[in-house]
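First comes the structure, then the notes that go with it.
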Amino acid sequence: MLLLLVSLAVFAPLISRYQPAAQNLADILRPSSANHWLGTDQLGRDLFTRLIYAARTDLRIMILAEILPFCTGIFLGMLAGYYGKWIDALVTLMTNTLIAFPFYLIVIVVAFASGAGERGIYITFALVGWIVFARVVKGLSASLRKQEWVASAKVLGLPDSRILLFHILPNVLPQAIVVLMTDMVGLLVAIVTLGYLGIGIAPPTPDWGTMISEGQTFIYSKWWLSTIPGFAVVYTGIALSLIGDGLADLWRRK
Amino acid sequence: MSNHRTISKKGIIATALALILLLSGCAAGQNAGSKKAIKGGTLTYGRPASVTSFDLFKEITSNNAFAIDKVFEPLVSFDKNGKVINWLAKSYKVSSDGLTYTFVLRDGLKFSNGKPVTARDAAFSIKHHLSAGGPLAIEAKVDSVIANNKQTLVIKLKKPFTPFLAQLANFSNGIIPYNFDGKSEKQFFKKPIGTGPFAVEKWNPAGDLTFKKNTYYWQKGKPYIDKLVFKTISDDTQAVNQLKSGEVDAIESVPLENAKALSQGSDTKIQTDGSWVTEQVFFNTLDKNLSDVHVRRALALAINRDGLTKAVTFGYAKTAHSLLPTTITYNSDASVKALNYNVAAAKKELAKSTHPKGFTTTLLIASGNSAVKQEAQIIQAAGKAIGIHIKIQSVELATFRERFFAYNYSMMINSGQADFPDADSILAFQTDPKGFSKSYWTHYTNNTVTKLLYAGEQTADGPKRAKIYAQMQQILANEVPYIPLYYPDIVIGHRSSVKGLVVLPNGSVRFEDAYVK
């Protein structure tokens, strides 16, 4: 499922002969035809082209925005879990403070400060996205710390950095990846929501959220303008969740 | 028994006759009823922005203007065709030299608190507006405003001012009680008292507004409805949803792509007519890029206005060529030489500018209006074709207004609209750098244009005045402080059960004849 979507996104320029932002004011709001598989939108842009280019935009942002919080979250979580004490207290304080603010509130504040668009999403997610990873990883590393093999490694005189990197990390990573998959669904929905609210991706860059929002006006006559990008979001969400579930099952069996 | 039977027969015949009469009477009653207005009830009107103030001397935007005109009324007004008509004045006379205007008030006029309206109230209102100035200041050089007796008001001008009568029809020249009815100005406008068909009952400046019927209204028996509610619905698609579901009875802002469907709906209708509005792209001429006339001309040439109008307005507008809409006398839409769509010419024009290779700029728009969103993207694409990269900034309506009032923008999409039926309304608002609006916040300054503007105000109606305005509109088309895009029709959506709405060319609706069946 995801593979199909990713390949559509990656090979978008090869699949479609249209440019996603190319307008044709003489040919607006057309239904599906041989020339335009999903018809055209209110500015005469090919809907199918915009849909797959939007997949590019949204998936790219989703992946890029996850990298930094994923790494920071694991790093801080491991430190807090492994060392405990004041590091744990500090990380817990940070997570508790940030978690008190609703995600969208932070996004809106950041959007006002840095201007709407991709940058706002990256900044916000770098600020708050790591929490979920840190919490999971912290719990796991704390329990691992108490296990005998960690204690023996310590007795053998292995440095902490080595224990963390080669012994704790491989054990917490699968769980973190499962969390990553569910988190990505949430992030995707956030990107789309922000686009819909007009503080996400700026036009003319195609994005599912703005597509839904712009098509909304035509919901009574051209329902597919909003429905198809909406379906794309659901499709991606299900695909990511299935992967998360599959991975979790796989590692559990091991 | 027999006797009884005959009586009963007679009785049956009589009853039958009575029934027939009664039924025919009922039928006649019903016929009359379908033509007659139904009294009472509440009409809810969905509008894109809340009413923030009733101060007719200071306000300008339609969200306030169309509430102010329900409470305050001027001496003269205009009808749905834009013709000046008697309103609070039952008659007026203009002296042959154009300097003396004599108004006679209607008999028995009363404010919504029951106090009589006299010429003293009218004189106070006009004088106060003269001293207050404000965004829609009386531009004529007024010599004196005198209440000759209880019903007669005489206004003398120092110099003739052709648009004076039309300007008096503006909502900003409404009549208020003498000396704010003994209250402070601020207090008075919190609980305004006027002669209009409605009085304020409940008002949240950040939300909805409920009017109640003015029982002292001078049009006998009107308004028919007891209450009029202005409900704020900032998103136009939401407004359509609420109209369809019957949550509101009428809406002010109909997304044009939905207009046809609403007009054909089983329980919805639209009312449409030409407006006094010109949709435009405005340039901040203080902006480092857009101060260059060649840049502005290049953008005008790059935009396919016909295509834009068709794509965005679904047949409810005409492509604009000149600043004045075709509904206003002295428009030069047919004769003006406009910069029409020509990308090659646009590139050439840009090459002559100080930014031959293009630049990056921003286009400010108000969120919540789907047509404007579309226009912005069309303009963005047009700019890109000639190397001008336009970023769209979509902000909430109140912020949008704050931004352009402070010249904090480079380009914006907005509409210019006449408040009274004279060419001077839009022209003075959009070309006078010394006026309140500083050429509609473009700060466009051209001495020739300003001289023509003043000449037009003092020239009597006729070919001479027409020539002045044609010349002005041509200069504006050449120097492009704004690009007129199209003249939109007014489209008001309402439930089929709502009757008697009168839609005015400025976009306001008269509700005194309205009722809900």
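Even glycines carry a Cβ here, placed using N, Cα and C.
Pulled from TrEMBL:
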SIGNAL    A:1-21  signal peptide
DOMAIN    A:55-244  domain 'ABC transmembrane type-1'
TRANSMEM  A:61-83  transmembrane segment
TRANSMEM  A:90-113  transmembrane segment
TRANSMEM  A:119-137  transmembrane segment
TRANSMEM  A:177-203  transmembrane segment
TRANSMEM  A:223-244  transmembrane segment
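Tallying C-beta pairs under 8 angstroms between the transmembrane segment (A:119-137) and each of A:61-83, A:90-113, A:223-244 places A:61-83 first. Residues of the same chain lying 6 or more positions beyond the ends of the transmembrane segment (A:61-83) and with a Cβ under 8 Å from any Cβ of it are 90-92, 118, 121-122, 125-126, 128-145, 160, 163-164, 168-169, 172-173, 176, 180, 183-184, 187-188, 191, 201. Note on the transmembrane segment (A:223-244): residues 1-2, 5, 29, 32, 38-39, 41-42, 47, 51, 54-55, 58-59, 178, 180-182, 184-185, 188-189, 192, 208-209, 211-216 of its chain, located 6 or more positions outside it, place their CB under 8 angstroms from a CB of the stretch.
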